[in-house]
Amino acid sequence: MAAVRGVRVVGTSPGLLLGRGMRAFLLLLCLAARGGALYFHIGETEKKCFIEEIPDETMVIGNYRTQLYDKQREEYQPATPGLGMFVEVKDPEDKVILARQYGSEGRFTFTSHTPGEHQICLHSNSTKFSLFAGGMLRVHLDIQVGEHANDYAEIAAKDKLSELQLRVRQLVEQVEQIQKEQNYQRWREERFRQTSESTNQRVLWWSILQTLILVAIGVWQMRHLKSFFEAKKLV
């Protein structure tokens with residue numbers, strides 16, 4: 001089973017080329033784009049996994065709903081409540097932080113405690129129901145990360161906040177999320193630097209080892225030739 005990854009941007013580390021202001025601006029753009037809806041098809045025993053890069057201490061909310069393919073109508077219809085989805089989430093250290101059975105439509109929530117790539121997997125329990133066995137499901141999934149996971153309308157009603165107070169709270173939480181993203185980028189840069197240094201060190205030691213092997217082979221060949229010539233009384 002291959003994990004389905006999101007779109008990634010690969011390039012020079014922003015910490016090397018960009019100032020703090022530009023970095024914060026780019027992170028704000030990234031935050032504005034975090035989270036989004038998609039749908040995918042899944043078979044009877046098939047598992048679909050997604051990789052999401054998440055900073056530490058960040059809340060993630062996923063909303064999903066399933067549709068079952070109707071062969072007679074040749075279209076997808078809302079799945080019955082008996083059809084469920086099993087959701088499993090693993091952190092970058094491959095530890096399970098969420099494993100739970102949900103219904104045909106539901107919402108799952110978890111908070112990251114380790115920065116890095118989190119694996120979110122879903123698969124159906126269709127094998128338990130002969131009616132659905134062998135059918136094809138369409139799963140609509142919406143994952144929200146960080147402050148995008150907050151329902152500000154609900155927060156405003158619960159805490160009785162004015163429009164200005166709510167906006168200030170949104171800005172504060174956006175700044176906090178930007179700080180988390182910056183810390184995560186620094187962590188990635190540090191990890192990349194350590195990996196590069198380790199690789200360079202291994203290459204250096206391997207080059208030294210190769211040189212020593214070549215020198216040893218050369219010395220052995222010279223001694224072998226000298227012994228050969230002495231045996232033939234050529235020297």
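Numbering starts at 1 and runs along the chain as it is shown here.
Positions of Cβ are set from backbone N, Cα and C atoms, glycine also.
Some features that Swiss-Prot has for this protein:
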TOPO_DOM  38-202  topological domain 'Lumenal'
DOMAIN    47-145  domain 'GOLD'
REGION    121-160  region 'Required for interaction with STX17'
CARBOHYD  ASN125  N-linked glycosylation site
MOD_RES   LYS160  N6-acetyllysine
TRANSMEM  203-222  transmembrane segment
TOPO_DOM  223-235  topological domain 'Cytoplasmic'
MOTIF     228-235  motif 'COPI vesicle coat-binding'
Rounded distance in angstrom between the Cα atoms of LYS160 (N6-acetyllysine) and the residue listed as 'N-linked glycosylation site': 42
Nonlocal neighbours by CB distance (under 8 Å) for the residue listed as 'N-linked glycosylation site', same chain, sequence gap 6 or more: LEU83, GLY84, MET85, PHE86, GLN101
Confidence summary (mean pLDDT) of the domain 'GOLD' (47-145): 83
C-beta crowding around LYS160 (N6-acetyllysine), within 10 angstroms: 7
Secondary structure composition of the domain 'GOLD' (47-145) [DSSP: H/G/I, E/B, coil]: 3 helix, 62 strand, 34 coil
